[in-house]
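A.B. asks: From TrEMBL, here are the annotated features:
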type    : residues           : note
BINDING : 242, 426           : ATP binding site
DOMAIN  : 510-652            : domain 'N-acetyltransferase'
BINDING : 577, 578, 579, 617 : acetyl-CoA binding site
Ligand SMILES: CC(=O)SCCNC(=O)CCNC(=O)[C@H](O)C(C)(C)COP(=O)(O)OP(=O)(O)OC[C@H]1O[C@@H](n2cnc3c(N)ncnc32)[C@H](O)[C@@H]1OP(=O)(O)O
């Protein structure tokens with residue numbers, strides 16, 4: 001195949017010139033441990049493959065003059081496209097390298113390379129640009145290395161229909177906005193250490209330049225004299241920061257005193273080797289713990305098993321070096337356990353950690369886990385490591401410290417050690433490509449600093465509601481506001497990925513709103529999605545269980561509430577809302593929602609809705625703002641440990657009718673599902689859900705209980721019999737309580753209502769209720785009897801003291817259905 005071999009092509013002199021500029025700076029690049037980037041744009045896969053091969057070949061030889069190493073390269077592509085396969089083939093056939101070994105991977109499988117280091121990375125972006133890929137993969141390249149981006153023709157790239165763009169459109173909005181790639185291009189043009197070549201027109205778009213000082217290369221590793229772990233363990237560290245982390249982990253060898261906890265918190269930007277350091281340290285711990293314990297067990301958790309692969313990889317290397325025998329257990333290609341005869345290092349989903357036995361718990365990428373879940377994990381153990389990315393793909397900014405760390409810092413029984421790793425493992429601390437990546441993906445975005453004037457504006461509600469045009473946000477003028485906006489999400493939300501940024505830019509049905517102070521500081525950020533106005537055929541499909549991209553609210557409404565007409569309505573789903581952490585709880589979020597509703601009404605929309613992991617505080621926020629619960633997921637999310645709840649606020653009369661009925665259906669369903677599906681739901685949340693909305697019954701129906709049941713209720717109320725003997729009646733009473741309007745219910749305090757839900761509806765054990773409601777057993781039993789007495793009075797209008805026990809009559813009708 002002449003074409004595939006690229007024989008008909010010659011390398012243009014402009015490309016040779018383009019490459020020579022890399023050669024000119026290569027000495028500084030190698031010495032400074034900087035990385036470089038090259039973009040090759042064009043339409044001919046053969047030519048592109050050839051140029052990429054020449055580029056690597058040239059670069060390798062130049063680099064080798066200065067560091068005399070062996071190199072490794074990774075080529076990532078989409079194998080479902082013939083021309084992407086052709087490009088890769090041409091590249092590999094024409095690659096004439098002396099010191100480099102290349103590997104080829106498809107994007108879907110590229111996760112497994114994340115812990116490894118490569119000298120060269122080629123990303124074929126001719127078919128797709130998924131922001132998360134840019135976020136994950138660039139970091140694997142070492143200082144002195146080169147990243148090549150292969151892209152569609154430079155001038156057409158912006159409007160190119162990528163897989164990412166196709167996936168984020170919905171049937172009602174088929175055309176994406178084409179903003180994100182334009183943004184990426186502007187950053188490629190702006191940052192140094194990046195060159196751009198136009199293969200179609202054989203011209204240099206941008207020459208490479210290096211505009212930064214070389215910082216002294218890193219310090220030699222110093223292993224402390226006095227260590228508990230063997231020196232061999234420490235030898236796996238690549239930086240002194242890693243040494244420090246391993247040394248800190250020695251502190252977990254000894255158990256804390258009773259009632260106390262030892263916690264180590266490690267924070268770092270991406271690429272600082274924290275997971276690897278923790279992996280090395282865990283084997284150190286296993287090694288020493290084995291001397292005092294028959295079978296030490298370390299539990300590792302993270303949002304997903306892929307997050308702990310570098311930890312596992314380093315743990316394996318150290319185990320091998322220390323001569324341990326063990327089995328490697330994998331799930332879907334990820335290592336989830338290293339099982340030796342007398343030890344184990346095991347990955348478990350966060351939700352499982354509190355109930356599994358283990359000596360030490362390591363939480364990796366902790367910022368990716370919801371704060372209430374982190375709390376449960378922290379409560380359940382006394383020796384823990386939390387490690388997390390501050391900025392970067394999994395980063396949560398200072399959110400982790402603001403919301404979680406501040407709590408454990410103030411706990412007197414926790415001996416807390418915090419350590420921030422700064423030294424990058426693979427490249428220099430002032431690496432230009434990391435800088436480009438951070439700026440492009442807003443990985444270091446932070447919210448605005450608020451002044452006393454801003455706080456005054458907030459107190460006086462001197463606020464401005466802003467309707468953003470995404471084009472403006474992703475422009476030089478709007479960039480600062482975009483950074484503030486995204487910074488709020490990073491800080492307030494538990495999960496933020498570059499793909500979310502891509503959605504804001506390109507998803508045609510997503511819009512952004514914000515609240516600013518008068519000086520222009522953003523204090524609340526909202527991301528909204530248009531949903532609804534679904535045609536009848538699709539609606540019928542949904543009713544039969546079919547799917548539709550996006551449209552979460554209409555989809556669940558149709559599937560679970562079955563009102564077909566709802567599909568025609570148009571609404572806004574609040575995808576994310578977050579208030580600047582410094583000023584939460586001051587009414588800004590509520591003000592934003594009221595403005596949003598006003599805008600939605602002015603645009604003729606029917607509803608505003610939201611879906612979120614439900615907890616008491618957050619649900620309070622939505623209920624306070626007039627949103628009705630509509631649907632709740634049957635399972636807890638394995639990472640956040642929360643049920644997902646959908647809430648909706650009707651804006652038109654027609655929607656009102658649907659929502660009022662839907663909410664009644666929801667509560668009826670919940671009442672009957674609590675004992676079956678939601679036994680473990682927080683009782684406070686169940687009460688909130690049952691209490692909100694119009695009454696389901698007007699009055700207590702006649703003959704609801706038989707005289708025998710009434711008499712059993714009485715004997716439980718006055719004392720000798722147990723709750724269990726009247727559990728059936730208490731269960732029906734609980735249902736009755738939440739079906740009635742408030743003024744027709746027996747008057748119960750909040751705590752008694754909680755007992756009624758927790759015990760009589762959810763069937764929790766007395767012990768479970770005791771710890772959830774923080775009551776003594778005696779009090780619980782007393783309160784439960786009080787409930788029985790109150791309802792005895794409400795049902796019979798008699799005082800239990802003067803009741804005549806026993807039943808004489810046999811002639812009664814029983815209303816067995818409410
Ligand atoms: C679809 C979704 O995005 S749901 C996810 C919502 N976002 C988050 O959870 C991120 C973190 N939290 C926040 O950013 C904010 O607290 C928001 C968006 C939930 C509320 O915005 P705020 O400006 O704090 O709301 P506002 O002051 O109007 O209302 C406060 C009420 O919200 C509830 N609330 C929920 N979370 C919080 C919180 N972190 N801090 C304070 N109040 C909170 C409280 O019940 C409070 O009511 P109260 O004052 O009567 O006790």
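Positions of Cβ are set from backbone N, Cα and C atoms, glycine also.
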A.B. asks: According to DSSP, does residue 242 (ATP binding site) fall in a helix, a strand, or coil?
C.D. replies: helix
A.B. asks: Taking ligand 1 as the reference, state which of the binding-site residues 242, 426, 577, 578, 579, 617 have a Cβ closer than 6 Å to one of its atoms.
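C.D. replies: Those binding-site residues that pass the cut-off, since their Cβ is under 6 Å from ligand 1, are 577, 578, 579, 617.
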A.B. asks: Over all pairs within 577, 578, 579, 617, the annotated acetyl-CoA binders, what is the largest Cα to Cα distance, rounded to whole Å?
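C.D. replies: Max span of the acetyl-CoA binding residues, Cα based, is 14 Å.
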A.B. asks: Whole-number answer please: how many Å between the C-alpha atoms of residue 426 (ATP binding site) and residue 617 (acetyl-CoA binding site)?
C.D. replies: 42
A.B. asks: Could you count the residues of the domain 'N-acetyltransferase' (510-652) that DSSP puts in helix, in strand and in coil?
C.D. replies: 50 helix, 53 strand, 40 coil
A.B. asks: Between residue 579 (acetyl-CoA binding site) and residue 242 (ATP binding site), find the distance joining the two CA atoms and give it rounded to the nearest Å.
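C.D. replies: Per the Cα atoms, residue 579 (acetyl-CoA binding site) and residue 242 (ATP binding site) stand 35 Å apart.
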A.B. asks: Specify all same-chain residues, apart from the site residues 577, 578, 579, 617, whose Cβ lies within 8 angstroms of the center of the Cβ atoms of the acetyl-CoA site, ordered by sequence.
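C.D. replies: After dropping the recorded site residues, what remains is 492, 524, 584, 589, 618, 621.
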A.B. asks: Provide the number of Cβ atoms within 10 Å of the Cβ of residue 578 (acetyl-CoA binding site), excluding the reference atom itself.
C.D. replies: 23
A.B. asks: Reported as an integer number of Å, what is the Cα distance between residue 577 (acetyl-CoA binding site) and residue 242 (ATP binding site)?
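C.D. replies: About 37 Å separate the Cα atoms of these two residues.
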A.B. asks: Determine, to the nearest whole angstrom, how far the Cα atom of residue 578 (acetyl-CoA binding site) is from the Cα atom of residue 242 (ATP binding site).
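C.D. replies: On Cα coordinates alone, these residues lie 35 Å apart.
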A.B. asks: Just to verify a number: CA distance, residue 617 (acetyl-CoA binding site) to residue 242 (ATP binding site), in angstrom, no decimals.
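C.D. replies: Answer for this pair: 39 Å between alpha carbons.
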A.B. asks: Among the binding-site residues 242, 426, 577, 579, 617, which residue has its Cβ surrounded by the fewest other Cβ atoms within 10 Å?
C.D. replies: 617
